[in-house]
């Protein structure tokens, strides 16, 4: 059975801000809050908007790429979340992600601390940040972070391909302040040096037109090898982002034996045509995995064949990061679901499957947690949602 056609409905790009978030650039959606004085309403029962599904599972509700409400508040909280992540405070960062996901999906502007605290995921600390925002139209901690040299430097270093927060912190503690200074580090690994060399190219965002150019090339080359290949762009592009830092593509073939050698055949062909300049990461069923695992990539440790590469875009001659993921036909649906994201949506979906359905969901399959573990045959993303018993969420609404 051929997998179902995938949605091509897209919405506008998410705008993650790292520059100053001063009052004069607040969005119109955050104006006229009609704020409530919490000192007067602290003892009043405050009901949340009934349209909002108040749950710890973000996968149960649609979340747009750009929130209609609370946008400036979300941007400021994202700064704090990113700072926590850069400093290795993953649990703290996760707390902010839960709150941010809820606020992005909330159907009107938050008007009070009392209202915010009723939202699952908004604890006292984040609630106080929201109270500050409602009072001053900003969050002082976020403004301080944005002005911090440490944050600005770590943010740049963490954008280098193959560099996680530990390496970024190590470079900062060595006194490095620029990519050029990092290039002089005598202890760089091969992948770190390559990531630094490609930094300027990889920081140039791709428009949807750029990505369509790359997809056209991949489609022509891959189908010249095997005409029945299924090629599906995933990641931020599938979720509707207008500009993307990389392109993730899931490739499959109805014949399992062909899919088993597909990565090798595609990579060799791309090298022969001159499109593939560098293999950044290459793994076939975890047998050929590079010793320099890239922990910064969310799905690098799944069991699918994959090659992350520097791909030359003909029209610009810019090196673009293209991640090729090969999925056996029986794993195509879970691979597309897993690699579409967002990271928080997928985390929530896996947790829901485990805790509410006693199942394990990965990029390479859906499994019943019985002894012995048994794989559930699925042929589409919709079927996965149905088996888990949750409402269908379009890809462009998985942006929590």
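The backbone N, Cα and C atoms fix where each Cβ goes, and this holds for glycine too.
Quick look at what TrEMBL annotates:
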REGION    1-41  region 'Disordered'
COMPBIAS  9-18  compositional bias 'Polar residues'
COMPBIAS  21-36  compositional bias 'Basic and acidic residues'
DOMAIN    68-399  domain 'DNA-directed DNA polymerase X'
BINDING   246, 248, 323  Mg(2+) binding site
10 Å Cβ neighbour count around residue 248 (Mg(2+) binding site)?
24
How many neighbouring Cβ atoms, not counting its own, are there within 10 Å of the Cβ of residue 323 (Mg(2+) binding site)?
22
Mg(2+) site shell beyond 246, 248, 323, criterion: Cβ within 8 Å of Cβ centroid:
234, 235, 247, 249, 308, 321, 322
Can you name the residues of this chain that are 6 or more positions from residue 246 (Mg(2+) binding site) yet have a C-beta less than 8 Å from its C-beta?
202, 206, 235, 320, 321, 322, 323
Take every residue in the domain 'DNA-directed DNA polymerase X' (68-399), average their pLDDT values, and give the whole-number result.
94
